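Data first, discussion second: the structure below is written as structure tokens.
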Amino acid sequence: MDSSTQSVKVVIRDAATGALVRSGRASHPDGTEVDPRHWWDGLRSAIAQAGGLDDVEAISVAGQQHGMVCLDDAGAVVRPALLWNDTRSAAAAADLVSELGADTWAESVGSVPVASFTVTKLRWLATHEPEAAARTAAVCLPHDWLTWQLTGAGDLATLVTDRSDASGTGYWSPSGGAYRPDLLEHAFGRLAHLPRVLDPTGTAGKHGNVIVGAGAGDNAGAALGLGARPGDVVVSLGTSGTVFGVSTVPAADPSAAVAGFADASGHFLPLVCTLNAAQVLDATARLLGVGHDELATLALSVPSGADGLTLVPYLNGERTPDRPHATGSLHGLTLDSMTAAHLARAAIEGMFCGLADGLDALRAQGLTAERVLLIGGAAANPAVQRIAPSILGCPVTTPPASEYVADGAARQAAWTLTGTLPTWQPPTGTTTHEADPAPDVRSRYAEARDKTLNRR
Ligand SMILES: Nc1ncnc2c1ncn2[C@@H]1O[C@H](COP(=O)(O)OP(=O)(O)O)[C@@H](O)[C@H]1O
Ligand SMILES: O=C(CO)[C@@H](O)[C@H](O)COP(=O)(O)O
């Protein structure tokens with residue numbers, strides 16, 4: 001199961017072969033603040049659409065990272081969850097970094113917190129909603145909460161999480177493999193109950209007769225679903241844009257560009273995340289009054305660089321670079337470039353320029369990129385596939401369309417069930433695109449990147 005930002009997907013796979021048996025999906029509400037009940041309703045409806053779980057032996061839930069789910073003593077949700085892309089805790093993040101220093105955060109928990117991280121949302125809650133903070137007995141993440149619902153939502157002591165999602169809180173250390181309650185207390189003003197962190201094959205409990213695995217953050221789920229190995233870099237284009245790789249050593253980047261997460265296989269997952277990926281293309285297509293296929297045709301009808309038209313795509317503010325209050329901007333308009341086709345191309349190139357900066361930041365942390373894999377909803381777009389190698393500066397492989405996050409959860413469930421990580425046959429139908437690198441597009445973007453207005 002993949003409970004991601006815009007939707008939930010369920011895949012049922014054969015534990016021995018990995019063959020897809022059935023699948024289902026349901027939408028999530030819009031917005032950056034969501035009552036977790038909607039995730040539960042969506043999950044149940046996606047399970048029903050997938051034909052139920054009667055013949056299923058084990059399940060795992062992967063989900064959007066970082067979201068703050070606060071529970072009271074009785075296990076009731078205290079307030080709607082603040083999601084990873086909610087930027088209201090930007091000032092709290094800046095305060096936490098100035099109070100302890102970026103180096104201390106990077107050394108302690110592998111990441112310097114920005115507004116996405118749970119720890120900053122807890123500081124925001126303590127400051128802005130002290131009554132809700134006072135009622136908060138436990139804090140967990142979206143996938144933890146769904147796992148807990150599936151296993152009967154008993155007492156708070158039965159809450160569990162896994163390494164990959166714990167590593168996005170800002171109060172769990174990937175290198176130490178333990179919580180840092182001192183950091184939680186520093187941010188929140190007191191301690192709260194936290195889910196027990198399971199190993200990748202740990203069992204959360206049972207859903208009827210079905211074994212429930214530890215689950216994972218969605219990016220770690222995708223890495224497991226793809227069978228990513230050191231040397232593979234994954235670029236995921238969902239609501240978030242992410243660039244990440246599996247590493248045998250933890251990352252700690254005091255510049256805040258690279259988050260030093262843990263993965264779902266026992267290793268590490270250095271990752272860069274932007275707030276502006278598929279929704280930039282959705283918004284551009286909407287503006288132009290076209291669908292995604294037509295957007296692709298338009299984008300591919302103009303040359304690389306869109307004759308100088310450059311879109312800085314900070315429509316949701318931005319996380320990397322840390323510009324939570326920024327807006328998007330369009331530069332380089334001329335009579336020739338003010339066309340639908342130029343805008344379509346500029347949107348795709350602008351989205352990729354932020355991710356190419358992310359790939360550079362990962363390389364600066366020592367990650368090697370022998371193979372770059374493109375996944376996520378927007379990876380289905382042919383123009384996205386064709387333009388990716390020019391901006392990322394290397395060949396880009398698109399595996400066949402699949403719900404890789406949910407696939408990773410399924411692979412984890414099979415691992416938990418059998419005790420052996422299954423080696424499922426890689427899917428056939430991979431395509432690799434190559435293109436001349438376009439450093440001029442990136443340098444023009446670098447010139448435009450900081451010339452944006454803040455939100456009003
Ligand atoms: N062909 C396409 N071209 C561009 N974007 C697409 C295409 N198909 C789907 N998308 C977009 O991909 C996004 C969903 O991707 P997904 O990876 O499921 O997101 P999330 O995991 O964040 O919920 C939506 O914004 C959707 O409009
Ligand atoms: O915050 C991050 C990673 O740090 C995001 O990648 C979220 O995990 C949401 O993922 P999608 O819904 O976009 O897949």
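Counting starts with 1 at the first residue shown.
Placement of Cβ uses the backbone N, Cα and C atoms for every residue, glycine included.
In TrEMBL, annotation is done automatically, which means it is predicted and not curated.
Some features that TrEMBL has for this protein:
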SITE      Asp2  site 'Important for activity'
DOMAIN    2-225  domain 'Carbohydrate kinase FGGY N-terminal'
DOMAIN    234-416  domain 'Carbohydrate kinase FGGY C-terminal'
COMPBIAS  420-432  compositional bias 'Polar residues'
COMPBIAS  433-456  compositional bias 'Basic and acidic residues'
Could you put numbers on the helix, strand and coil content of the compositional bias 'Basic and acidic residues' (433-456), residue by residue per DSSP? 10 helix, 2 strand, 12 coil
With Cβ-Cβ distances below 8 Å as the criterion, list the same-chain residues six or more beyond the ends of the compositional bias 'Polar residues' (420-432) that contact it, or say none. 13, 15-18, 227, 265, 385, 395-400, 402, 411, 414
Cβ atoms other than its own within 10 Å of the Cβ of Asp2 (site 'Important for activity'), all chains, total 31
For the compositional bias 'Polar residues' (420-432), what are the DSSP-based totals of helix, strand and coil residues? 0 helix, 2 strand, 11 coil
